[in-house]
Every structure is written in structure tokens, then in C-alpha cells.
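Among the features that TrEMBL reports, substrate binding site is placed at Asn104, Ser130, Gly131, Gly132, His187, Asn188, Tyr192, Lys262, Arg289, Arg451, His457. What TrEMBL lists as domain '6-phosphogluconate dehydrogenase C-terminal' is 180-473. Feature annotation from TrEMBL assigns active site, proton acceptor to Lys184. Marked as active site, proton donor by TrEMBL: Glu191.
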Amino acid sequence: MTAEANVGVVGLAAMGASLARNLARHGNKVAVFNRHYSRTEKLINEHGSEGTFYPAKTMEEFVASLTKPRTAIIMVKAGEPTDDMINQLADLMEPGDIIVDAGNAHFPDTIRREKAIAARGMHFVGCGVSGGEEGALLGPSMMPGGSEESWKTLKPIFESIAAKVDGEPCVTHIGENGAGHFVKMVHNGIEYSDMQLISESYDLMRRALGMTPAEIGDVFEEWNKTELDSYLIEITAEVLHQVDHKTGKPLVDVIVDHAGMKGTGTWTVQSALDLAVPVTGIAEAVFARGLSGQTELRAEAQKQAFEGPSGVVPMAEEDKIAFINDIREALYASKIVAYAQGFNEITEAAKVYDWKIDLAAVARIWRGGCIIRAKFLNRISEAFESGDANVSLLFAPYFKDAIETAERSWRRVVSRAISFGIPVPVFASSLEYFDGLRSPRLPAALIQGQRDLFGAHTYQRVDEPGAFHTLWTEEGRPEIQA
Ligand code: NDP
């Protein structure tokens, strides 16, 4: 076989086939390989006319059909299958060739794989891809890591297929080794938080205000014309307007209230714990999905018939309108916190893993193709570009102003939700984070005292440098020791 393809795709299930078609539609010559040839055949039979494909029956044929430096994108099941494909490719490739893993790998795996492949003289690129099957076909947001050198080859290929916003492709080189998969992971964490916040807004309107799903859908449609304009708000309106063909009920009412998850939210929180970065909104969103899945525990709780507020809260029409407005403000403020926390996690990880990540560029490539695409990412990108958000997004004037405008509404929503007995874990934890930041003194001083008393862990003083330990006497009269 002569080498003619400038890029290849390994793994032709939903994601890989869509990506291969997207590549071919944009003028790339695409080698394709799948473990079972039937998927390759299906792709060629159904979509072969969309561009130039080189179907391969074996990995040897696949590699032989690629021009140098060979570029192969793996899109198979995460975990062992990905390692298998990497090893098979690496055994057939040569120094300078590029292996891309575009699946949802955990970034420590990407760091490990990059090290092993780099030791063999080849490039390994972990690339986060967001937007699902449709994004892969029509234009995803892409977050490649790996070496600067590999980026030179990948740039024109990835830019040809990525989503475009204002003519700019939603792809940038994120940073070395695992940086791309790390940023994709945090993207997913923010997505969890955003989805939970929208759901908490829905729940308040549904349960406290007694609105129907269609009425709430109308509200979200209106909100989509404001600063909340985003893909997730748009699809929320669509979901809430959907009627179940079988029962004639709102579809949302016949869907089991157990939210699934595949693990990227959990990874985001685990990494944040390792880095000691509070991503409270994301963590609460993951826990909320966890609670939704504890079906037996929840069924038992129902049997307990606990006392507590429930049901629609009687409210005059104008109060209802004011409360809906409060919810919109609270949603915006909490969403800003979710992004601030997510970007904070990226900043801290970049220090630990020695990545140089351009946060303005990250915000820019999230504007299109991905699930969290939103109008306000323009503002986020500007805030990082100007340096205003270097410490926290919350301190950039535009977002500080937005938070201050929303603050009273935000408190009203959280305090009223608590009094109504409706859980709002992400609204509340986002507000708690904000109040924590605002506090000139935190009770952490007391915790340091406790730690020193029971474990001689020492503490620092406000008026003198150094570590101190108190000899906590039986009489309770401390002596200070430097
Ligand atoms: P799946 O995750 O369902 O995996 C199926 C593909 O993996 C098939 O091509 C299959 O080959 C191949 N495969 C499975 N086991 C092996 C093995 N041991 N050796 C070789 N090949 C194997 O496919 P998807 O298209 O849904 O997802 C692909 C990747 O993309 C995954 O990593 C997933 O996490 C990620 N993904 C990303 C999304 C996003 O929005 N970014 C959304 C969905 C997925 P065969 O046909 O021969 O069985």
C-alpha cells in the first residue's frame, strides 16, 4: 500500500466514525482502522463519498497508508483498549510519528503514556474532545496536550475540523503531556456544576412555585436571551417542552430521577482534593448525582416520612416574578463561581505539573463545539487576556460587578430554598465559597488552636513570624514557646 493519507483514525464507533468523516469532509486524506472490519466497511459504504478514505483491514496496512510524520488518532474504549492500540501503533511506527488519544483518558494515564512513547522517540498527544458525537462530526472543541513539535503537524489538521466561533477554530495547544486531558476533565467538572445549577433553578420553580415544566421551559427560553445565553440553557428549554408520546405527560416527569455519570466529574474533584483547591460547586454537583443514585436509601427515607416543609409556597404573582428573577441572578453568580473554581484548579495544576496554560485561550476554545459553550466565555477570555482574572475570575471588574449585582438575590434564593425544604447544594456551596473569600477572618484560627492542643501541630501568629506551640496546661494557662 502506498502512503497517501495525512491522518488516520483507529476506532470507528460513534465518536471515531464521526471524527473520520469530519476530517475527510475538510479535505484530509483519512486512513481508517477498526478492530472488527465490519465497522470500517459500514463507514465506507455509508459515507465513503464524503471524502478520501483509506480503509485498512490490519494495523500494518493502516500504518503503511500514512504519510510521514505518521499521525494516528485513537478513538477507542478508554483504559486497556487504548493502551493496546497505542502499543500496536508504536510497534509499527517510527521516531517522529504522532499518536493521538482523543478518548476520555484520565490525565495521569496520559502523562504515563506520553513518557513511554517519548522514550521511543515518538510523540504522544492526549487530546480532550468535547461535543459528543455531533460535535465530532460537525466541529468539536479540542484540547490537545503533548509536545510543541507535534502541534506543528497537528495544528492544520485539528483547525480544519474544530468548531469555529467568529472565524476562530476552537482548538489550541493546551500544554505539554497531560495538560489537554486535564483541561478537558475540568471542562466536564464545570459542566456538572452548570447542569446541577440549572436543575436546582428548575426544582425551585417547579416545587416552590408550582410551575409546569412547559412554563419553566418558557422561562429558560427567556433566560437564553440574557447573559445566561448558552447551549445548556437552550437544551434545558427543549427538554422541558418535550411531551412523552406514550403518556402525554411532560417527558421530564416520566424520566427516572437518577443522574448517571462516567467519572470525569469525580476525577475533577479528586484532583482538586490532591491540589487542595476548593471546587465546592463541582464537588456538590457530583455528590448530588451520587445522592440521586442512592435509590434504596432514598426509598427508605420516603418511608420515614420526615417532618419538614414541602409543597407549593403561596405567593402573589409579583412576588413570584421577583423570585424567578432572583433565581436567574443566583444562577449567574453561582455559574461564575463554578468557572472561577475550575480555572483556579487548572492554574494550580499547571504549577504542579509544569504546564504553561493560556487561560484566555482555554476560554476562547470553549465558546464553540463543547457542552459548556456560552456567550459569557467571551467575557472570561477578555478577563484573562487583560490580566484582571489572574488571581481569580471573581476579581475581574466585569465579574465582580455581576456578583455584586446578584448578591442579594443569591442570598434570598439560598435562604428561601432552605426554608422551603428544597435542596440547592450548588447554589448554597457557591455562596459559601464567596462568603469564605470575603471573610477577613476565618475560624481556621480556632482549628489551628485545636490542632496544636491535641497534636502539637504548631500555629503561626498574626504579630510575629515563625511556628509556635502552646504548652496547654491543665489549668488552661498557656505558655508560648517559639
Ligand atoms: P466506545 O467507547 O463504545 O468504544 C468502542 C470502540 O472501541 C470500537 O471501535 C471498538 O472496536 C473499540 N474497542 C473496544 N475494545 C477494544 C479493544 N480491546 N481493542 C481495540 N479496540 C477496541 O466508542 P465511542 O465512539 O463511544 O467512544 C470512543 C472514545 O471517545 C472513548 O474513549 C470515549 O470515552 C470517548 N467519548 C468521548 C465523548 C466526547 O464527548 N468527547 C463522547 C463519547 C465518547 P470494535 O468495533 O472492534 O468492538
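The backbone N, Cα and C atoms fix where each Cβ goes, and this holds for glycine too.
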Secondary structure at the residue listed as 'active site, proton acceptor', reduced by DSSP to three states: helix
Residues among the recorded positions Asn104, Lys184, His187, Tyr192, Arg289 that border ligand 1 - Cβ under 6 angstroms, in sequence order: Asn104
Cα-Cα distance linking Glu191 (active site, proton donor) and Gly131 (substrate binding site), given in Å to the nearest integer: 12
For the recorded positions Lys184, His187, Arg289, His457, the one whose C-beta sees the most other C-beta atoms within 10 angstroms: Lys184
Cα-Cα distance linking Glu191 (active site, proton donor) and Arg289 (substrate binding site), given in Å to the nearest integer: 13
Close binding-site residues near Lys184 (active site, proton acceptor), where close means Cα within 10 Å, chosen from Asn104, Tyr192, His457: Asn104
Around the Cβ of Asn104 (substrate binding site), the count of other Cβ atoms that are within 10 Å: 20
Rounded to the nearest Å - Cα separation of Glu191 (active site, proton donor) and Asn104 (substrate binding site): 15
Mean per-residue pLDDT computed across the domain '6-phosphogluconate dehydrogenase C-terminal' (180-473): 97
Cα-Cα distance maximum in Å, computed over every pair in Asn104, Ser130, Gly131, Gly132, His187, Asn188, Tyr192, Lys262, Arg289, Arg451, His457 that the record assigns to substrate: 49
Cβ-Cβ neighbours of Tyr192 (substrate binding site) (radius 10 Å): 28
Packing count at Gly131 (substrate binding site) (other Cβ atoms within 10 Å of its Cβ): 24
